[in-house]
Every structure is written in C-alpha cells, then in structure tokens.
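These come from Swiss-Prot:
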BINDING   Asp23, His24, Gly25, Lys26, Ser27, Thr28, Asn140, Lys141, Ile142, Asp143  GTP binding site
DOMAIN    11-193  domain 'tr-type G'
Amino acid sequence: MDIKKLQDYQKHIRNFSIVAHIDHGKSTIADRILELTDTVSERQMKNQLLDDMPLERQRGITIKLNSVEVKYHAKDGETYIFHLIDTPGHVDFSYEVSRSLAACEGALLVVDATQGVQAQTLANTYLAIDDDLEILPVINKIDLPSADPEMCKNEIEEMIGLDASDAVEVSGKTGQGIPELLEEIVKKVPAPDGDLNAPLKALIFDSKYDDYRGVVLSVRIEEGTVKPGDKIRIMNTGKEFEVTEVGVSSPHPVKKDMLIAGDVGYLTANIKSVRETRVGDTITSAETPTEKPLPGYRQIPPMVYSGMYPVDNQKYDDLKEALQKLQLNDAALEFEPETSQALGFGFRCGFLGLLHMDVVQERLEQEFGMDLIMTAPSVDYHAIMNDGSTKLIDNPADLPDAGEYKEVQEPYVKAEIMVPNDFVGPVMELCQRKRGEFVTMDYLDKYRVNVIYNMPLAEIIYDFFDELKSSTKGYASLDYEITGYRATDLVKIDMLLNKEPIDALSFIAHREEAQNRARQMTTMLKKLIPRQNFEVDIQGAIGAKIISRATIKPYRKDVTWKIHTGDPDRRAKLLEKQRRGKKRMKAVGRVEVPQDAFMAVLKMNDDDIKGK
C-alpha cells in the first residue's frame, strides 16, 4: 500500500450534497453533472437518473438519498473524484438530508431563480451549517423568463447570512453554468482529512437488502482503509463479519480494491439479518478497533401513527419480513405488532408525516406485493392518569375511559409559513380555523411574509398542506417542528356497527368538533359500507352517550310473489317470518367494512364538518 499515492488520491476527493426546497431542481442539476463528466453515456441518460426507485420516478420527487462517484477533469489538469449525494426536499424526508450531510464536507444550496428562498431551503441550510459544511449558493432555472437571480442572492444574504455575491448561476435544464459550478466545487469544497494510518472508522449512512449479497451498507470512511478479506466489527452490536466486496456507485455498482478515508461507497460482508446493523452505526476493524464510535444520528421520533394489516391474515409473517427489509432502507420507519378485533393481526407503524406514510404503503405494495389495509393516521397523545403516571396513546382505541385520566395532552408544533403578501389573509384564516395561535409575522421583503403559528400537530397532518396550497394558489411553503405537549379538551369517539365498536375506526377529536365529526363519519360510513341482507345501525359514541346515528336499510326480497289468492293472513305470516329472519341475521351477521371506510377520517375536511 503506497501511502503517498493514497494521500494524493485523498487530496483530490470532494464530497458534497445537493440541498434545496422541493421542486427547486436538485435532481436535474445532478443529471447535468453526470452528463457533463461523462459518468453516464448519452444512451443511458434519462431524467432523474439518481432517483432509481420506481415510486420516485412516478411521483417526480426524490424520496431516498442517493450517492454517486464522478470523475472530473478540471481546468488545472488534475482529475478529481466527486462523491455527489442527491437529497429529498420534502419536509417529511429531512432525516435523509441530515444523514447525507454527515457524509460530506460541502453542500450545494440550490435556490429556484423564480421562487427564491423557501421554508425547506432555510431548514436544510441550517442542517448544513450545524454540520460545519462549506456551503456553495447555486441559483437554478436562470433560463426561465421570470428568473430573478439578483433577488435570490439578496434573499440568501439577508435571510441566511451567506455571502452570495459569487453564487453560481445555472440552468439544470439546458446545462448553462454547470462547467463553472464544477470548477467552484474543486476550489471551495475542502478535501477530506481523515488519517489513512488510523484504525478503520466508517459511518453507515444508508443500507439496503439484496437477495443474493445480504445487507449492502452505504458507508463514509472517516479514517483508515477497508478492503475485501478485512475483519470488521459493528460497534453498536459488537457483531463481526468478513468484508466480501467494496466499491462505489457510478451510478451502477463498481467494485474497487479498497476504500480509503474520505471515500463514500458501499461494502458487503455476508450480513444476512436486517437486525445486525442500523443506520448511524460505526464500523471499525475487528483486529485493531478504534476506541470511540462516530456520533451517528439523532433518532427522529415518528409524528404520525397508523395501523397496517394484511388483507389476508395468512400474510402476517410476510408483512413482518417486508417491514424489516424496508426499515433497513428507511431508518425513520418504526413498527410493533398490534391486534384489532376488526382487522386481526397487524402492526402499529410510526411515520414522519402523511407523505412518508403513503410512500411506505406504496413501496410495500409495489416492491413486496403486499395487499394492505391502513387505518386512519393519528398523532401520539399523552394521557395523564389519575395516579399521576403518563400513558402514551398512539392508537385512539387505547385511550382509557374518561374517569381514568385527569387530562389528555396533544403535540404542538411551531409552523413557519412563507407566503406572498397577497395571501396573508387566507393563510391566517386557515390557521385560526385549525386551532392555531398567532405568534409573529416577519416581512422578508416587499413581496413575502413569514407567518409563525403554534398549532396542534393533529390539525397539520390531515389536509392542512393541501388547503394551504389551494388557498395560496400553490405559492406558500411550510416548515414545522414539534415544540412540546399541551393539555386540550379532547375526547375519544367510538364508531359502532350494530352496537359493536370497531376499534380501527375510533378517533380522537376536540370536544367542540366531536359531534360534527361523528355525524360526518356516520354519513361517510353509510355511503361506503355496502347494503347487507340485514339492517346495519351506525353510531358514533363518546363513552355511553350516542352522539350520531345512521341506518343502512337491508335488501328486501319479495317473499309474497307466490301468493296468487291475495290472502292477507298468508301475506302477513310470510312478512313476519322474513322480519324474524332478518332480526336473527342482524344479531349474528358480520358487517364487512371496506378499506375506504378506514381512511374516511382523512376525508373529513372543515367544509364537511360544518355541513357546507
């Protein structure tokens, strides 16, 4: 091993992430960089090349971080090794951004020249500043007629405090400005400085399961080197393995003889169980281990919970295995077994938001062929019991009876909404309607305002984002963070079918809205549950008090068609027999509840509740 050669190679490494608000063109810039450096041929090139998950291409968004090694021949005659990590822009996937940044020395801060700095631009920049990264401002979409690069530079300087006078102006669509951007990366992103002679220390920043190779770990080598045949130890679990392959993504896997300090690549080591590693763990040498592990990641708690059940109860174990494999690739997903009287055996899953929940459901259906029933999402409540203890409630059906607790607390968030001046009124009206408390309002410039509200998380996770977009014609952007729990007047509403509570349909609501929500729910269930051969009573109840009711009339068979004589006694006898049969059927008949009904709570927007 020629240390001088390796040190020279290390000096030419540049590790950087691309961060931005959703739809500001991160993936398009990544495409142009790959194209300009001849990393992919013209024949292989396609839009969103690094978004290799089918779901990402369907939705047109980045969901997973993705790394790629690029060789760039610079104007100084040297060849540089770029490790580029593309990141998501949606607030639900900010944990992917923080993991990407931990593997880098620099970050390209991409801002849309037509929209300027948005909520997630700020949030992601602060993550990069916390990691002490070199930040390069990049103004994208300068080819558009409405582009205003000077406005963007002023905003970056005023709102973020970065010098943007020499921000690179580019067009991800046409490739304009990309050569200048590559030169700026060489000049401004520092090379990694890890000690090549130190014991191996590597951070696992992502992982996935391969049916043939087992667990494939995405790693950033902080110190030392690693090659096939080396014995490694996962510091968190103490498990030891022998490395079978190391390499980089370019963008398809390319085997290498070794990875050195500063490299971002992958390794395999016959790790067969998904439980033996986790994202954020440190890998070291089993023979000469390092003393201290790397800091890893702050575990982000779920914000939204939902029940997940296989339509066929025989597939419970398949669902468990699929969730374990998915969790390897999605560190923020949490799940634990739960049982429902209505749906059988399943899992209570924790997500970072509704988009995250949708993505997990779609990935399970597309990648693992699962047929699922999902219950309506809920937040994590705290019930303060009479004895002073706190009970965590992530399933509304688990909330105890009213006499058993003193109060229920719900999570509150600080919501920051960036909005054009013209739409401040509708935004404030929407926030007030969602039980928001006004905090402050900052005028960012003569066109835009940052409105800050304290709001219950439960009001945000349903349809707040959709309503915000529709009331501002798509111009508003939202960022929020949990600030704590507050006692609120909340009640549990049970939905009963023929006097039997359906646990999966229970939900928690503010007392003032409880009756309207229960009425809306019964009306929806009446529409969604098909008619049966017997009458179905739908009721909403708080404890023993019925607060809403609807009835689904049964099918009625004409049992008198055989009577030709018009005998009234015979007719009455047949109808009475039919009535008795239906009554017996109602007592023993099981009402089949379709999947749509379990998601009905989601569809209860304010207009429905107010009966408009």
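Placed from the backbone N, Cα and C atoms, the Cβ positions cover glycine too.
In the three-state DSSP scheme, Ile142 (GTP binding site) falls into the coil class. The 10 Å shell around the Cβ of Gly25 (GTP binding site) contains 24 further Cβ atoms across the protein chains shown.
All protein chains shown were included, and the count of other CB atoms within 10 Å of the CB of Ser27 (GTP binding site) stands at 25. Taken as a whole, the domain 'tr-type G' (11-193) shows an average pLDDT of 79 in this prediction. A 10 Å cutoff on Cβ-Cβ distances gives Asn140 (GTP binding site) a total of 30 other Cβ atoms nearby, all chains included. Comparing the binding-site residues Asp23, Ile142 by how many other C-beta atoms lie within 10 angstroms of each C-beta, the top residue is Ile142.
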